[in-house]
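Since the structure comes first, as structure tokens, the remarks are kept for the end.
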């Protein structure tokens, strides 16, 4: 009972699957039995008729339309390779390969329909029904499938075949998604991945310096990944896409017209297309209808040589197309095999009948086309005689000059045969299966062939390495073709103009012979396809708000920047020692400037400084020569000598500011100037203050004379100067000045001194000005003393000039730059030095040299006497006025005239004053070595009485 039940179940399964095989799947096929069966999937038609199934009756199989001659040639390539292997005595001897080949009609549904027949047959074989029926006539399992062509079809087929570990080798599916071995475990291919083609396409656009393109892709597993990779490459190369759309062969006409409008309105002239021939054909037809001839088409491998669009009538629009083609291979004997095709000789190939009818535009007996013609559903065709000559017509089928996809099919079949050969020659213990076992070639299964293919490694006839391990892809070797019009018959000629190849070791290489390219079919000049005109050298690309980066405006480089090539993204900054020329295309060395000895301004300042030194030296010489004269003695000759020496130092310090600044000159010049001026001002201050104190003392004592002795004067000068010296020492220790190159000024490098500390410089000048202010105070107070003793008025005037100069110096110093900073300070030094020299000494030199009569002791005594008379008169008047006020307050009737005597004696004598000694002795006033007698008497009261 259990046996009968098992038999019944297996019978039902067999019956069910037999029905599936007989009625399911495409009826039209190429089939031949053999010991081992290979499957094939080829696009014998370009598509299917669009028909709305209303399901009022049982749905019928979709009809395939538009015969594909190239697809039929690819099918013939598989049959040729199988027959060549069957006839070989070295490859698979005593093993016959069979085939089952179906038409995918370039659609996923037809591809899956065909693949289900492969899977169904394999499932029947897996039931092992030989014990229940005679299965000698049964078709063996399909151990491998060659196909499909389109990536979308291969992706769907790979999902199905992968479930049953049936190896699939595609000859034209290049989508990079199929490189995922985890998802497509049994998928392999003999064509490079599109990832390389996308890189190559972007490289060509970059090569011709285009940056504004249109991208079009088929809306399937081939176009979407390809254009995505293309977009990434374009982004990395700073190339912009103006228009990016997806298309399909089933898109409606209105959408095609809208797309054509957008292309016509776009300023991009280059159109990169990742699509198959059937998908791009509707758009090409519309562009041809509109006669849009100013576009350059960049074709992917899938349609670069497609017979659907590579037509003579399209060349006015499509001429000059740049496309990618696989490297062509050579198949010996294939040409003769193609020419031998005939309906009577190809009983195993049902596709030959339709091929014959489409080639000669006739119909064969018992053809479905004959019935359609009789019913009036199709155009009338004559009956085929069977004597037609296939060589007399030109079709893509016989275009065997460049065998690319056909060669890939040939390689795929030989790869499977080589794997089977490895199984046949396997040595037990060295096999790929458990415990080193080998598969039985007579009972080989699909998964065993898949295992063997993954370890396959051989070189094809054009020298390329073929292997299908997990991480391997074929090397990308593309031929770059250009569509030309044949001068003989006007047909499309695919002219090879370059190549693109990628090798793992050497990287990518693009080679294009521009002289061979004809743009738009007849032009030799490379077309312009950029969003903006290229920027000339000296300018850079400026961003336009709201526009892609490829759309820009040309902006002139800023001063100090340059660009020496076209379309510069940024302007390069000139080095610190250089500056941009007038048109900003290059840089030239900046002119180095400083207060030079050779320039007119430097020479003038140096001459003035030397003049000051010479004049000061001359004055010093005069004073030395006439050092014993009263004028020199009255001027405190020792301090005058020191003052003149300090002026020489002041004039000399200005020379350090001239010439190229060095570190040592920068460290010396400010201290030299500061110390010299402090020494000068200190001398004037002590000199003026000494006389002022002596003349204002009512009773000059020995204490005054001792306090203002010569030694103390020099000590005070030293102390005042020492303070400035200490300021300079602290400055040089903590922040020493140094030479500095200022690159901030256009076209000029100013070599100046970095003062190190502006605060220290402020202390230096501030201390000098403080002494000058004190000196001005004492000079102003001494302005009424005898001119021979002090030059108060002139000192006051010189101090005013000094203040004006140095107060003006501060804003001038901070508002100037470069060499003018040094020039301003030199001018300030010279102006203040000349004012001191002129105001203090020129008058005395004038008297000494030109008015010697005034340089006598009597002149000095008279001057002193006049001053004493004025002072005594003022004092007596004040005293008399005070006495009268006291007398009037007590009621006195008369007042005696007061008398006053003043006696002054220098050279160590004490001063005596007596009201009783009126005329008996004349008081004396002595100064220096001379003595002047003076007697003053006022008897105002007595004169009043006489009156």
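Keep in mind that glycine also has a Cβ here, set from the backbone N, Cα and C atoms.
When TrEMBL is compared with the stretches 554-573, 574-593, 694-713, 714-733, the one noted as transmembrane segment is 714-733. Among the ranges 638-659, 858-879, 880-901, 902-923, the stretch that TrEMBL annotates as transmembrane segment is 638-659. Mean pLDDT for the domain 'G-protein coupled receptors family 3 profile' (601-864) in this predicted model: 80. Scored by C-beta pairs under 8 angstroms, the transmembrane segment (760-780) has its highest count with 792-814, from the stretches 601-626, 714-733, 792-814. Within the chain carrying the transmembrane segment (792-814), a Cβ under 8 angstroms from the stretch's Cβ atoms is held by residues 684, 688, 765, 768-769, 772-773, 775-776, 779-785, 821, 824-825, 828, 831-832, 835-836, 838-840, 843, all 6 or more beyond its ends.
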